[in-house]
Amino acid sequence: MAPTHVLRCCQRGLAWIPVIFIALVVCWSYYAYVVELCIFTIPSIGEQIVYLIFFHLFFIMFVWSYWKTIFSQPANPSKEFCLPKAEKERYEKEERPESQQEILWRAATSLPLYTRTGAGAIRYCDRCQVIKPDRCHHCSACDMCVLKMDHHCPWVNNCVGFSNYKFFILFLAYSLVYCLFIAATVLQYFIKFWTLCRRKSAENCPKNELPDTHAKFHVLFLFFVAAMFCISILSLFSYHLWLVGKNRSTIEAFRAPVFRTGSDKNGFSLGFRKNIAQVFGDQKKYWLLPIFTSQGDGLTFPTRLVNADVEQATVTLQPEPNNRAAELPVSPVTPLSESQNRLLSNDQHANNIGDHQADSTLKSADRETITVSMESES
């Protein structure tokens, strides 16, 4: 027990190395920009004031969003997704997967679950001993099930999911703006210092050139670091913007979620505007602030409504009599209107909607027949 405990402590300590590295780079960039560039290098007071105001604005938003991403506790499944004590004991005693699935199917009938495993079974985490809600996955690094898990990021030493995905997007956005601002404002002084370094003696420099001081090393290195981070962050930020527009997580982008009717990579997509609102909320005034405004509770999510063909057998949520729960019948589906943005809560509801559509079609046909007959009589 002792060696294992020590090993876990060492792993947790080593996991903070990337965060400490980023913190040190940010602290150095603050010193290099404020002290070495603005105070010791820029001769114009007006230019110093303007640069310092915008720099501190971007710096505060960057540090704020980074802090929220690191220290936001990942959201976990609620107690209702845990098996009752008696069912849990039966599940652990059962050795046959079919019998275990029967127990899970009975427990899942009262839960809002619409996604399945690739084989059509109930998604259950043996490690956390909970039935996984939709879009929930187990993080091996955090050793817990995380709601709407996107990925585990070593640069924040935290799992990015439902509780901090907005903060992570803002962290990427403000870090990109921070690096772009530094690179853009340092560029002219970088060129001057670079030119100065290539001259043999400072006496031959024109009067408009900067003096040869130790500040040039900070300015030169600051531009290289800002440009390097800017290029690397840009690609990651663009990719996550694409994911937000599609309402997908990184895991779902590589492996499409499986619904009762089969896998569907766009199963949670509600349209571009609604997809953005899922992460940033309805009130646009809070979008740029690292304040939690994401919609929902992380346990259930709106999705494109799909309905079985009226003339075909509906998809059942109950296991087959022969205990082959993994083999579920799949029927043809047709997408309905986007305003109906949730999956059917149960099969009875699916039948009711199908019957209602059939009745509406028959009534529409009857009205057209009556209209035609009246026109012919007139």
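Each residue, glycine too, has its Cβ placed from N, Cα and C.
Annotation comment: TrEMBL describes 334-351 as compositional bias 'Polar residues'. Among the features that TrEMBL reports, domain 'Palmitoyltransferase DHHC' is placed at 123-254. According to TrEMBL, the region 'Disordered' annotation covers 320-378. The transmembrane segment annotation in TrEMBL covers 15-42, 49-67, 167-191, 217-242.
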Long-range Cβ contacts under 8 Å made by the transmembrane segment (15-42), restricted to residues 6 or more beyond its ends, are 48, 51-52, 55, 59, 62-63, 66, 70, 141, 154-157, 182, 185-186, 189, 210, 213, 215, 218-219, 221-222, 225-226
Residue distribution over DSSP helix, strand and coil in the domain 'Palmitoyltransferase DHHC' (123-254): 74 helix, 16 strand, 42 coil
The answer for the transmembrane segment (49-67), taking Cβ pairs under 8 Å and residues 6+ beyond its ends, is 22, 26, 30, 33-34, 37-38, 42, 156, 167, 170-171, 173-175, 177-178, 181-182, 185, 288, 290
Same chain, outside the transmembrane segment (217-242) by at least 6, Cβ under 8 Å from its Cβ: which residues? 25, 29, 31-33, 36-37, 41, 168-169, 172-173, 175-176, 179-180, 182-183, 186-187, 189-190, 193-194, 197
For the domain 'Palmitoyltransferase DHHC' (123-254), what's the model's average pLDDT? 89
